[in-house]
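Shown next, in structure tokens, is the structure this report addresses.
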């Protein structure tokens, strides 16, 4: 199928609005502010609704493909017969909607789609061990916990490298970003979105539509925190290292440890915290080790 990204015709990535800036000295200024666009996107598989996500319009086909990887439906571009907008019916303003994308995957039947939708929407009620076990069963790829190795200085430089590609953040201040790098620090793909999950989906979606999975030897750098869902997306795409500028959750660390993924948090400036599989990071000079308590063991 075509790997066109889905440019969301008629939908603006950013908008302009009037806003009042207040100051502590009692003065105020009215000015024009640039806001990140946010629109709902309904994802359908073989004509049936799978999910609805709030996203920044643009690269919608990448977003859908990445979401399908995260749901365990997709690992190769050839599995998708087509990706298309369902834009036949004009909305109340007379414009045609580009907020519904239908993916045709001939190998999936309707029962499989309905079942996975139930699992996805009830995920908050599933315990941690069940969630991790489900990821293990769904993933087609195995991450080698011993490698490939990543240089410490390269790892510490990735947040700045990603920041240089956050063009929409510069104008809005309100977008998350995700970037995929190879072992030499070269950027393979980067995307911004109002949702951090969507940014990661767009990156992985671009790669799967280019038939690049599994993404062995790569590093996913994300803005914000490292949640279970983001680690899950990396595991299902075969990404061996994930780094975030903020903290990971406890379940994210458990999944990373179980899957062989090196998880890095608080990657800012000249320091970062490696939570799992530190052996993949080279050029480390170890200081005193803190003893591990039973409560701290994963």
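Using the three backbone atoms N, Cα and C, a Cβ is placed for every residue, glycine included.
What TrEMBL records for 124 is active site, cysteine persulfide intermediate.
Among the features that TrEMBL reports, Mo-bis(molybdopterin guanine dinucleotide) binding site is placed at 266, 267, 268, 269, 270, 271. According to DSSP, residue 267 (Mo-bis(molybdopterin guanine dinucleotide) binding site) is assigned to a strand segment. Counting only residues at least six positions away in the same chain, the Cβ atoms of 155, 156, 158, 159, 221, 243, 244, 245, 273 sit under 8 Å from the Cβ of residue 267 (Mo-bis(molybdopterin guanine dinucleotide) binding site).
Within 8 Å of the centroid of the Cβ atoms of 266, 267, 268, 269, 270, 271, where the record puts Mo-bis(molybdopterin guanine dinucleotide), the same chain has further Cβ atoms from 156, 159, 245, 272. Around the Cβ of residue 271 (Mo-bis(molybdopterin guanine dinucleotide) binding site), the number of neighbouring Cβ atoms within 10 Å comes to 8.
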